Amino acid sequence: MTFDSSPIAAIATAPGRGGIGVVRISGKDLSSVMRAVCGADKGSSLQARHATYLDFVNSDGSVIDQGLAIYFKAPHSYTGEDVLELQGHGGPVVLQMLLTRCLEAGADIGLRMAEPGEFTHRAFLNDKLDLAQAEGVIDLIEASTEAAAKSATQSLSGAFSKTIQELVDKITNLRMLVEATLDFPEEEIDFLEKSDARGQLTNIREALQRVFSQAAQGALLRDGLNIVLAGQPNVGKSSLLNALAGSDVAIVTPIAGTTRDKVIETIQIEGIPVNVIDTAGIRDAADAGDEVERIGIERTWAAVQTADVIVHMLDASRGPTRADEQITERFPANVPVMRVWNKIDLSGHRPAIDRMPDATHIYLSATGLLGMDLLRTELLHLVGWQQTGESLYLARERHLVALKSAHSHLEMAAQHAAHDNEATDPALDLFAEELRLAQERLSSITGEFTSDDLLGVIFSRFCIGK
C-alpha cells in the first residue's frame, strides 16, 4: 500500500439502513471542510472531543441532514491526525449525499475517498497502534463467536503485542551479553557464565513455546474448523448434521442418494466456529442413480481435500464392509480421520470412544442423540484444542509462522551455546546471529520489521471506513 498523506473521507458505518450513520474524515487541516459542511459559525467553533448538534449543509445552504459533529484534534484521535466525524441518520442515500458534500467541500485541500483500511493504516503509521493491534481491529469486527471476540480484544488492547515485546526485550538483553563477550575478548570476566546466559535462553524458549500454544489455540477461534462428513449412502451423515445443528437442516430419507450436494451448517463447540459439511453418499459410479448423484460424489471428494477433520460415518448395525475400506484408502494421509459408528441403537453398542492406532472410533446414535458429547469433545481433541483457562490471542497464520521461525532460531542458538566457547570461537558469532534472527522474526508480528507489500495485504482486508 503506497502511502498518500492527503486527507481522506468515507462512510464508517456498515452498508444498509440504520438509526445512525457516520461519515469520517481524517487529515492534517480540516477547518475548511468543517466550515463548509457544518456552517460558518458552528463549523468554526467546534471544540475538540465535544459533540455539537447542527445542520449539515450544501453549498447553497440547504440542509442535507441534522446530527452531531465531533472533532478530534491531532494527535488525540484514532488516526493520529485531525479527525472529523459527522453522525447523522443511517440511510444509505442521505449518507452518500453527506459524503459527496464533504468531498466537494474538501476538494481544495485534496480530500479524497479512503482506501479499505486506510484509517487504521494511518493509525499504525502514526504509532497509535502496532500491526498486531491493527489486525485485532478487523478480527473483532469479523468475530463469529463470543470467545473469538474476547480473544480479539486481547490483541486490540495490546496484550499480545506486550507479550511479544517482552520476549524481544529478553532476547535483546541476551544479545548484549553475547556481543559484549565478542567485543571484549581480552576481559577476564566471562559475561555469559556470570549472567547464566544459557539459563536465560532456556527460559526464553519455554516462554516462547507457551505463547505459541496460546496463539495456536486462538487461531482455532479465529479460523474455525471444517468438518466433513463422508461415507456410504444411508449411514446417517445427514442425521448427524441435524443432531449437531439442533435442527433439521438436511433432508433425511431411507432412499440412498437423498443428499446430492454439500450442505453446510456452522455450529459452535466451546466457542469455536465449526463448519459441518454434509456430503453425498459415496458409492461406485455404476451404482449412482443419475448424473446429478455422480457429480455430488465428485464434490464429496473435493470437500474431503479441504477438511480439517474427516468424520468417516459407518453403520454399526452391519459392521465394516469392503466399500468402507475403499473409502478409507482414498482419504488424504495428512488429515485427521475420526471413524463414527452410527446406529448403535440398532447394534446394541453403548456410547463409547476408542482411540486406536489407525484412528479414533466413536460409537453413537445420531437419531437417538446418544454419544454426541463424546463426538464434540473428540473433534476438538483431534485438532489440539485445550481448555486451559488462559487468555488466548486470536493469532493469524503469519503470527504462527513467525513464532515457529523464532523458536527454530532459538533452538539453533541453544546448540551453539551448548559448547564452552572462547570469545574468538566462530560458534559464538553464530549464537549472536541466531538471536538476532529470532528477535527480527518476533518483531515482524508487531510491524517493527514488515514489508510494504505485507502491510498492503493486511490493511486491504478492512472495510473502507475503517
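Just so it is clear, glycine is given a Cβ too, placed from its N, Cα and C backbone atoms.
The annotation (6S)-5-formyl-5,6,7,8-tetrahydrofolate binding site is assigned in Swiss-Prot to Arg24, Glu85, Lys128, Lys466. Mapped onto three states, the DSSP output places Lys128 ((6S)-5-formyl-5,6,7,8-tetrahydrofolate binding site) in coil. The Cβ of Lys128 ((6S)-5-formyl-5,6,7,8-tetrahydrofolate binding site) has 18 neighbouring Cβ atoms from other residues within 10 Å, across all protein chains displayed.
Residues annotated as domain 'TrmE-type G' in Swiss-Prot: 224-384.
Taken residue by residue with DSSP, Asn234 (K(+) binding site) is part of neither helix nor strand, so it is coil. If you look up Swiss-Prot, you'll see Asn234, Thr253, Ile255, Thr258 marked as K(+) binding site.
The GTP binding site annotation in Swiss-Prot covers 234-239, 253-259, 278-281, and the record cites sequence analysis as its basis.
Among the features that Swiss-Prot reports, Mg(2+) binding site is placed at Ser238, Thr259. Counting every protein chain shown, the number of other Cβ atoms lying within 10 Å of the Cβ of Ser238 (Mg(2+) binding site) is 24.
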Practice problem: Going by Cα-Cα distance, pick out whichever of the binding-site residues Arg24, Glu85, Lys128, Ala280 is nearest to Asn234 (K(+) binding site). | Solution: Ala280
Quiz item: What average pLDDT does the predicted model assign to the domain 'TrmE-type G' (224-384)?
Solution: 86
Practice problem: Pick out which of the binding-site residues Arg24, Lys237 has the most other Cβ atoms within 10 Å of its own Cβ. | Solution: Lys237
Quiz prompt | Cα-Cα distance linking Ser238 (Mg(2+) binding site) and Arg24 ((6S)-5-formyl-5,6,7,8-tetrahydrofolate binding site), given in Å to the nearest integer | solution = 48
Quiz item: Near the Cβ of Asn234 (K(+) binding site), how many other Cβ atoms are there if near means within 10 Å?
Solution: 20
Exercise. Using all protein chains shown, find which of the binding-site residues Glu85, Ala280 scores highest when you count other CB atoms within 10 A of its CB.
Key: Ala280
Self-check item: Distance [Cα-Cα, Å, rounded] between Ser238 (Mg(2+) binding site) and Ala280 (GTP binding site)
Solution: 9
